[in-house]
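S.K.: Got a structure for you, written out below as structure tokens; questions coming shortly.
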Amino acid sequence: MAKRENNKKISGESRIRDLGDKIEYDIPEVVPVLPVKDLVPFPSVMMSLLIGRESSLKALQHSEKTDNLVLILSQRNDTDSPSSSDLYDVGVVAHVVKILAPKEEGTKVLIQGLVRAHVKSMKKYGGALQAKIEPIPPLGGIKYTKKTDELVEKIRSNLQMLVENEILPDEILVVTEQIDDPSVLADVILAHYKLSVDTAQNLLEEGDPNRRLSVTNSLIQEDVNRFLVSEQIRDRAREALNKDQRDYYLREQLKQIQKELGEEGAESEDLMQLRKALEARKLPRPAYSESMKQLTRLERMPQESSEYALLRTYLDWMVELPWNIRTRDRVDLKMANQILEEDHFGLERAKSRILEYLSVRKLRPNSKGPILCFVGPPGVGKTSLGRSIARALNRKFFRMSLGGVRDEAEIRGHRRTYVGALPGRILQGIKQAGSKNPVFVLDELDKIGADFRGDPASALLEVLDPEQNKTFRDHYLNVDFDLSETIFIATANTIDTIPDALLDRLETIDIPGYTNEEKLEIAKKFLIPKQLLENGLKDKHVIFPDPLLLFLIDRYTRESGVRNLEREIGSICRKVAREFAESNKLIHTITKQRLEEFLGPTRFDPDVTEKRPAVGLARGLAWTITGGELLPVEASVSRGKGALSLTGHLGQIMQESAQAGVFYARAKAEQLGLDPDFYEKYDIHIHAPGGSIPKDGPSAGITIAAALVSALSNKKIRSDVAMTGEITLLGNVLAIGGLKEKALAALRYGITTVIIPHENIKDLDEIPNEQRKQIDFIPVKHIEEVFEVIFDIEKQKKCNRRNKKHQARRTKLKRSNHKTRKGSSRKN
């Protein structure tokens, strides 16, 4: 029969009961099981449970037959209908002290843990689990040693320290002082700690009280160690604070003594100079007010304060920014034209637009002109055009590279609350230029990015808007700065990656790549004199013949710009300078043999293409960042079920062009002389050679359609024709870009007939006259016109015969001239 004496009330949420009085129970062999989640019970501990499951309520009903005794077992998982395999084998026999009135969330039950018990067997009876148990350890089976007494004494001592320093509540000390049994002491303290279910279950199953006491002592000792470390930190902080206060009082006394003696300290003199500088700068009223406010704070602040350096840096920026410093414009159009001609060769369209821009500024100096954006491949002189504009206007120049910028703070600056905060790169550039009206080049605008730190392109919207940049506010300064007098110029390799809102604020000026003849002139007029001067050489030391320069351009530096060309010329000059320095040997003329000795084998093969007409081979023209290229497209058909295969690393747009070409051929099969059911009988394979190079864009549409129709109709395509243009499902040919580069590429491969969209006739003016005269441009509006040209083999044969006659005539003339020169030399 269970017997319970002096059941005292539980205090607060500690769930620890005064266990000073002895409680004895008769434990039955079979008791109902009460499963619990995320909780491990301990003997001698009072706990509160919220019962909601039907099986648990049944277990409480069955406990009335076992003198209100239940076996509390922890679950291994979160199942709502646990079986014997879902429960641990060791639990606690507990006495149901009180069952409160049921509520919506469940029935609250007060339970007193009694003794550990091991489950021998378990079965379900009457809607609840029943367990046959064996108490652990058997009554009277616990033995204590001298080490047990030492652990108990240490635990009580540490508890006393933690309670005195308010780490633990007083109640735990009151309860544990009334416990004489070391095993009960360990269980009560362990129940107080928030342990994982696995750890707590292992301690519950531990039958040796000495081991449980050892774990209990370790847990308490960890609390003591943490407390001691925190106390040490508090003591050190208290000592540092006392020292700072002492230094502050001494420093204030020193200031007062110096003031009485009329000796101002160096710090006061420095701040006075700062105040005079701010007054002399004649800052705008909002900026002046903010500066004076922060200066007053600085004067009252000890120099050792962490904020002192931040405020001082802020005021230095306010002083050093050119709030009212500007250069006087010199708008002389003749001189501007002369500067542009000195600095750049060609680029007539860009130069013309720049002169128009300067003319407007001459007539209306305060006009808010457009933001120019030079777009073109690398190395064509986009950035240097901005430098020339600065020279022409007699303004300061600053270049800001936007490549890889992904943080908005790079543009607007960081707020002063951040450590190491500084203004954005816009104001940093203005400060470095030393003028509020410089020519400010935003280089590589298309390389700007965005991530979780913000969108720099959005921040640039305010900078590049003439209506808004008059009140540009940097996060660091937190006052308005006038950027309306600054001339912003942007550069980019392509406009595809520039956000639409930003692109809307720009006037784009396309700068195409240079022809080989233009590169030759640039090398002779600019690059060679520059490299000779930089390497300590003179004109007589090295001579570059024109044919050699053209060979160098075509076989070593195939690009749209001249950056690599300048690099190779510089390499040649350095090697010549070394030979001259070592042996005083002068190389008057650079030959191909010497060129290969200096630069190694040629890096590019001669541009050749298949000269014979072929079935399924069409020659397209592509634009790349380094210039134009020939893009051959091959098509092949074989017996099959109408599958379409696209290879050659084609992009999404080119794949769609291929599909459009197939559907057009299906729709016009009879007109084109094709089998109406070809798409069911044949597999089609379209391939663009050079599979390692990604290819994309709409301009290969008519090329793909031409190769496809050629393969299906078994008609040969003229080898002297290249084409470019986008195709629609109805066969219309749409406009393309990069016509100049594509035309030059065709010439490079010896192709003199180029099919272009009719809408691109206006772009022919961009091609130099010399090259334009060598190409027969055929504008077309529909793909049928393309087929009429490319399948006219007879016309090609006539052209080939005519070319052979011209070639034979030129060869005969060369031989005659050679004999004449040979004979004249003999006479001499």
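Note: Cβ is positioned from N, Cα and C throughout, glycine not excepted.
Note that the coordinates shown come from a computational prediction; the quantities given were computed from them, not determined experimentally.
Feature list, courtesy of TrEMBL:
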ACT_SITE  Ser699  active site
ACT_SITE  Lys742  active site
BINDING   Gly376, Pro377, Pro378, Gly379, Val380, Gly381, Lys382, Thr383  ATP binding site
DOMAIN    31-224  domain 'Lon N-terminal'
DOMAIN    612-793  domain 'Lon proteolytic'
REGION    800-828  region 'Disordered'
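Can you tell me where each of these features sits in the structure?
M.R.: Around Ser699 (active site), the same-chain residues six or more apart in sequence whose CB sits under 8 Å from its CB are Gly620, Leu621, Ala622, Trp623, Thr724, Gly725, Glu726, Ile736, Gly737, Gly738, listed in sequence order.
Reduced to three states, the DSSP call for Lys742 (active site) is helix.
Listed in sequence order, Arg399, Val441, Asp443, Thr491 are the same-chain residues at least 6 apart in sequence whose CB falls under 8 Å from the CB of Thr383 (ATP binding site).
In the predicted model, the domain 'Lon N-terminal' (31-224) has a mean pLDDT of 84.
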S.K.: Look at each of the binding-site residues, Gly376, Pro377, Pro378, Gly379, Gly381, and point out the one with the fewest other Cβ atoms around it within 10 Å.
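M.R.: Candidates: the binding-site residues Gly376, Pro377, Pro378, Gly379, Gly381. Fewest Cβ atoms within 10 Å: Pro378.
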S.K.: Under 8 Å Cβ-Cβ from Lys742 (active site), six or more apart in the same chain: what's there?
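M.R.: Residues satisfying the criterion: Leu621, Ala622, Trp623, Gly628, Ala722, Thr724, Ile736, Val754.
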